[in-house]
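Features as listed in TrEMBL:
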type     : residues      : note
BINDING  : 383, 387, 406 : Zn(2+) binding site
DOMAIN   : 69-276        : domain 'Aminopeptidase N-like N-terminal'
DOMAIN   : 311-529       : domain 'Peptidase M1 membrane alanine aminopeptidase'
DOMAIN   : 602-922       : domain 'ERAP1-like C-terminal'
SITE     : 470           : site 'Transition state stabilizer'
TRANSMEM : 12-33         : transmembrane segment
């Protein structure tokens with residue numbers, strides 16, 4: 001049979017062997033599988049679960065991150081009339097509107113959270129963008145707490161994975177006069193008419209101030225700086241008005257419900273943060289200039305026709321071109337509008353493409369304004385234009401890094417104004433560095449960059465708009481630019497702006513860009529400066545070269561011992577070549593090059609005050625520097641003459657130096673006419689006056705000041721009597737110092753000069769140079785009577801140029817008459833007398849007057865609730881001003897009582913400022929007790 005298969009016996013045998021082997025293998029595998037199954041029994045696969053959908057309020061005051069806004073369509077309709085005439089009798093300060101925000105949803109959710117504050121939301125609809133399918137809204141609620149959340153609950157679940165939805169809201173709000181959100185303002189317009197009674201008309205406008213957290217007061221939005229989007233804005237407004245916003249607008253007349261309206265539709269904005277939006281509806285006019293970018297200056301018709309905007313438009317053109325060149329990036333919008341507003345609580349607001357200013361920050365009248373007013377316009381424009389890159393194009397991720405906006409704009413403004421003809425770079429030491437030192441020497445100061453979760457409420461955000469953010473931020477950027485060279489610094493800045501344009505950053509992004517341009521370790525150098533509060537005092541013992549650093553505090557009860565990296569630039573009397581030494585440890589460590597071998601040699605550290613630190617020496621080196629100043633002060637660099645005085649006085653306040661050394665440094669000024677050292681001395685002597693002008697020490701201080709200032713007054717006397725000013729800008733400042741101090745210290749020639757010029761003014765001839773008016777008006781009113789005050793008050797009411805009004809408003813605070821000061825304080829509550837934006841500065845001026853200080857303090861305490869509601873953003877500066885003199889236990893207790901009342905009322909406004917003035921007062925009390933007799937004896941010995 002087999003023969004029939006054709007298979008050999010050998011092949012058949014092989015197959016048999018393979019078959020047996022296979023069967024054995026299968027049996028073995030089966031056995032092994034059974035063993036493994038018994039050892040590791042199988043488990044069922046997990047049952048699929050539904051995704052967890054977030055419920056309940058977010059855990060913090062920050063918006064949840066699963067909704068990302070991409071675009072807004074916003075319609076706003078304010079109902080007010082710009083002018084009330086016989087045709088219009090019903091004025092209405094309300095606005096209505098609607099907004100559609102398109103969002104990308106990244107997670108499954110039934111909840112939507114936006115920001116809303118002080119709005120009545122009447123309609124809420126949610127639609128799926130691609131299908132127009134409406135989602136059922138089960139309810140919505142505005143949370144009346146610090147979150148300002150508009151919570152929208154849906155019956156259906158929004159898809160995640162980047163699905164787009166449109167959130168539509170209708171709302172209505174009030175145009176209040178509180179200088180926040182979308183608010184109402186007014187001014188008087190002079191109308192040339194036959195009827196006399198028609199010559200002055202009250203005009204109304206509406207404008208916005210949305211920074212930092214008030215966009216939510218205008219429309220429901222994602223009001224956080226990192227949640228950038230594009231905006232399509234439409235404003236519907238009355239005939240006779242024009243509307244402005246961030247982009248170019250096209251107005252079209254239309255009829256709505258039988259009434260004529262104008263609909264102005266604006267082009268789409270770039271991707272931007274909500275706080276940079278702006279809207280104004282007014283009857284203003286403008287001038288324009290095209291220079292690649294269309295530049296417009298808007299203001300009251302009278303101001304435009306009088307040429308008060310001409311200077312601003314030229315400065316804007318120059319600085320804008322300059323910034324585009326040094327930043328390496330073109331300004332990205334087609335136009336830039338700038339507007340001079342009669343009421344705005346900030347000096348300027350850098351809204352992208354549409355910057356708002358106080359009138360005195362943008363308008364310049366050649367006839368009545370001083371060169372200081374002109375400089376202010378240039379500086380304000382330089383600051384606001386710098387923001388178009390630093391803040392608008394590249395924005396900090398969260399408010400804890402606000403210094404990336406404000407520190408940069410402050411620093412860059414000193415560079416920008418140079419192209420407009422102002423060399424102010426040295427003045428950064430007086431204006432920013434020395435001012436920041438004061439706040440940063442308190443335990444209650446704060447780091448330049450805080451952790452994000454420390455800053456959540458609007459009050460906490462507003463608190464950051466302080467001297468640390470602006471001034472210390474600028475000072476540290478100047479220090480870093482010196483450390484790595486300005487050329488390398490600006491290259492890194494170009495990289496930073498280019499890399500992060502239209503995005504948000506944290507400060508490490510800046511370090512990374514700067515690091516590309518230097519071999520120095522930027523992050524290591526800067527970390528302590530940014531992350532820790534305070535600054536160091538460097539102590540150098542020149543006999544041994546021993547050098548150490550420690551946090552400088554006026555009240556040494558806290559602080560930290562983390563070392564800064566300190567770039568010490570120094571010169572010696574034997575070698576004026578600037579050298580540097582990097583101190584990385586607390587020390588003490590010996591630095592042989594700081595050791596002085598010869599008894600006549602001296603050492604000067606922190607040349608040109610490029611570092612943000614103070615320097616203390618052994619008493620021997622202080623005395624050698626003092627002798628050098630008296631022998632030939634020009635050997636010491638100009639900035640350092642001011643720095644030595646400022647450091648010595650403040651180190652003495654910090655109980656590290658005998659105050660007599662600081663006082664002795666002012667003696668050489670009898671031979672110096674430069675502004676920086678004089679201004680440094682006067683600021684510090686002014687602190688002594690504040691501490692002692694209610695005691696017997698005041699008389700000797702004034703006599704000494706009178707003796708020291710007389711040569712300076714005589715130096716400028718010819719200019720003053722001729723009604724002229726020196727050519728050099730800093731000399732113009734010092735001419736004003738000479739007059740102010742000579743008159744206030746009782747120098748008879750000065751007082752008679754001021755009274756004589758003011759008398760001529762009363763008789764109809766004002767030949768006082770605009771630079772000198774503030775000082776001379778003040779002196780004349782201080783030594784005058786109620787009739788002088790009444791005359792100045794009438795002149796203030798009559799003046800139409802803000803810069804002149806400001807000089808008179810200040811001078812009115814100089815009277816010694818208590819009843820006039822009390823009346824003036826009451827005027828600040830009446831916006832028809834003192835505009836709301838001037839309330840804080842007017843009270844501060846009154847508090848500077850020794851006769852007015854207790855009145856101002858009582859007034860602020862008595863009207864605290866009113867002021868907190870109306871002026872939250874300025875409370876810190878007001879509190880600082882009215883308590884500068886505080887140096888007694890009674891005053892300290894009054895401050896603590898105010899703090900207790902704040903806590904009881906759960907008020908967070910100005911909490912940090914209140915803590916700071918309490919600490920400052922405690923330091924003042926201790927210092928006065930220890931030094932009063934020493935100070936008195938020193939001044940007595942100099943008479």
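Note: Cβ is positioned from N, Cα and C throughout, glycine not excepted.
Features per TrEMBL, on structure.
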residue: 383; record: Zn(2+) binding site; Cβ contacts under 8 Å, 6 or more apart: 348, 350, 409, 410, 412, 413, 416
residue: 387; record: Zn(2+) binding site; Cβ contacts under 8 Å, 6 or more apart: 350, 405, 409
residue: 406; record: Zn(2+) binding site; Cβ contacts under 8 Å, 6 or more apart: 391, 465, 469, 470, 473
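Per-residue confidence over the domain 'Aminopeptidase N-like N-terminal' (69-276) averages 93 (mean pLDDT, predicted model).
Within 8 Å of the centroid defined by the CB atoms of 383, 387, 406, the record's Zn(2+) site, lie the Cβ atoms of 350, 384, 386, 390, 391, 405, 408, 409, 410, 412, 413, 470, excluding the listed residues themselves. There are 23 other CB atoms within 10 A of the CB of residue 470 (site 'Transition state stabilizer'), with all protein chains counted.
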